[in-house]
Structures are given as structure tokens and as C-alpha cells.
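The signal peptide annotation in Swiss-Prot covers 1-18, and the record cites sequence analysis as its basis. Here Swiss-Prot flags 30-260 as domain 'Peptidase S1', drawing on sequence analysis. According to Swiss-Prot, the feature disulfide bond maps to 54-70, 181-198, 210-236, an assignment based on sequence analysis. What Swiss-Prot records for 69, 114, 214 is active site, charge relay system. Under the heading site 'Required for specificity', Swiss-Prot lists 208.
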């Protein structure tokens, strides 16, 4: 998750706000969640250079869904993924990345179209307890306000932390309306577009993704579909500022066009 700094908000406004915290921490960790049990988030992978820096979601044996801000400026030959493990630093298997496909209209200023696909050099061995693909939502579909979705990752456990947890964590959050989310973020000069969804406890805070979770899955557990990608937010689990996630339903045609290459 890209994190906004309050002083930068006041002094430099949206242009600086949109700059991500660069690897090894463009993604956020899970705040207010708990350790994921074996089999709870089998679609989760760790995207790595020399170590973990972003999350991702298994779509099939060759394809990983992640955020464009995670792969911006990255070279495929220097990246790998670890899957089939609840730990980002050991266990499971590692596979090298063959190709990176970031959305052509990714806007690092507004953090819009924050979606990317990764193709692996060799196939993953799926249908294991901690290694399974997740489905995609219908084209153009949106999440319903109030519905619960699951966010997972190895991000920081609190804002300002600089230590990643060794084990995968997850949190269930409620979807917040796009209108309300836009009203909240207008105070920080940020815009929530139709390509984004929001989630969290607006009234109390305390549940969110944080640095180290970027690119990771937001899943409708009931339907086993990845409906979002961890993208950006203002701090971590702050009251009045829900997390903002890429709306996967708006990119189904784009995803399928890349997977056919």
C-alpha cells in the first residue's frame, strides 16, 4: 500500500502524495488482523527481489496479479515469487519471473489503473493446501457496500513500523462506498476513481493493509474471487481513512488480453 505522509500532504499536496514508498516497502502489512492459518489464503504469493517487497495473487499456474506500482521500474529477470508458504522468507517454492505487464494507463500521480500481471518462467504446482488459484469477478462487477472482504499480506503491523512479520496475516474488512471514500479523501486532496474500491472501519480505524502488503489480494471469500488489489491509503488503519484498492472487475478484458499473449 502506498502511504501518504501528513506533512507532505500539507506542504506539497497531491503530486508528492502519489509517490509510493519504494522497495523494499511499497506494500503495506496487515493492521488489526491475525495470523493466517494453513489453507486460508492459498492464492497469496510473495513478490521478491533480494527479499519480499510486494504481494500478489495466483490466477493460474503461470499468472500472478499484482499492483502496477509494485513493478514500476522493475526488471523481470531480477524478480521471483515464493508460493505455497505462510512465510515470505522460507518454505514453499520460488519461481523466477519471465515477463511483467503493467497497465499501459497506470497513473503514478493519481495511482489510477494500479494493476499489473506477472508471467512466470515455469508453472506453479497448484491444488495444494497453501497453493491454489482464485477466480476473477464478472466483467464490470463492483463490490457491495458493507460486504466483508479479506485482505492478506506480510506488511507492517502498524504505521511507522519497519519490521515485516515472518508469517502471513489476514484481516476481514467491510466495503465502504466510493462516494463516502471520496468525501473522506478530499480532505487529503486525493481522488478515489471508479477504478478503485475502499474498505475498512471508518468510524474506529484499526483494520487495514499497510506498508508491505501492496499488490496483494482483496478477496470475496464467499465466492472465491479476487475483487481488489492492495493499492494506496493515508497512513495505516487511521480513523476516517479506509484503505483504497484497485477494482479488479473493471480490468477483466485487460487481464484476459494479456493472459492470451
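Backbone N, Cα and C define each Cβ position, glycine as well.
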Subset of recorded positions (114, 181, 198) lying within 10 A of residue 69 (active site, charge relay system), CA to CA, in sequence order: 114
Where does residue 198 (disulfide bond) sit by DSSP, helix, strand or coil? strand
I'd like to know which of the disulfide-bonded residues 54, 181 has the most other Cβ atoms within 10 Å of its Cβ. 54
According to DSSP, residue 214 (active site, charge relay system) sits in coil
So for residue 69 (active site, charge relay system), how many other CB atoms are inside 10 Å of its CB? 31
Looking at the recorded positions 54, 181, 198, 214, whose Cα is closest in space to that of residue 114 (active site, charge relay system)? 214
For residue 198 (disulfide bond): intrachain residues, at least 6 apart, with Cβ closer than 8 Å: 175, 176, 177, 178, 180, 181, 192, 242, 243, 244, 245
